[in-house]
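**Student:** Per TrEMBL, the features are:
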type	residues	note
COMPBIAS	104-113	compositional bias 'Pro residues'
COMPBIAS	135-156	compositional bias 'Basic and acidic residues'
DOMAIN	8-112	domain 'SHSP'
TRANSMEM	199-217	transmembrane segment
Amino acid sequence: MANFGTERVYQEFEPATRWTSEPDAEVLVADLPGFKKEQVKVAVTSTRKLRLTGERPTGGNKWIRFHREIPVPLTVDIDSVSAMFKDYKLYIRHPKVKTETPQTKPPPSPVKPPVVTKPHDQHEAKQSQGSKPNDQLKHNDAEQKAGEVKSDKEGLVGEPKGTLSSKDEEKDRVGAKWFEKYKEATGNVVKEAKSKRQLLCNLTASIVLVLLILLYARNAVRSSLVWNSEE
């Protein structure tokens, strides 16, 4: 009879639980109304489960208790689980496992193959860019000089009156041929100049031709003067 009325009568209690997610942890929140911190126990089993137990008196020999096991997510570290009891709520914090994401290098940008330019193409490109204005100027100067020589020649030859000798006519024909050759040579210099060396040679040939024409004109003037004196 001494132990009469001391046997506890338990009432099972199912606490409400919910998971909340944080940047670095998963938190389990259990509502335990009327419970105190010392009346609640938290443990992690070897089967990776969170075991929550607790009991408290409700009056006389009546008690209320709960027992619940909740699986722990695989993304959390069970060795770093911590619990906090506040305002009849149990907060169990499960830190997330830190995984180092490998840094992937960006794919290398495609390398464009170098453009191989043939020496002949480089020479023609440079010649087409830099030599055309010079060739055009030289051609214009040569034509201008040829026109001046021709006008001087015509003025000097046309001054004497009377018929010229066959020797003078032959000189005129030779001079005309030389002049045509000069024009042809200067034209070919512009069209066929492919290198600086060839351009220099052609320019030298043009100068020689001009000198010959001037020499011819000088001889023609002398012959006309002699012709005038003889007449």
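Any Cβ shown, glycine's included, is placed from N, Cα and C.
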**Student:** I'm checking region-level scores; what's the whole-number mean pLDDT for the domain 'SHSP' (8-112)?
**Tutor:** 89
**Student:** By DSSP, what is the split of the domain 'SHSP' (8-112) into helix, strand and coil residues?
**Tutor:** 6 helix, 57 strand, 42 coil
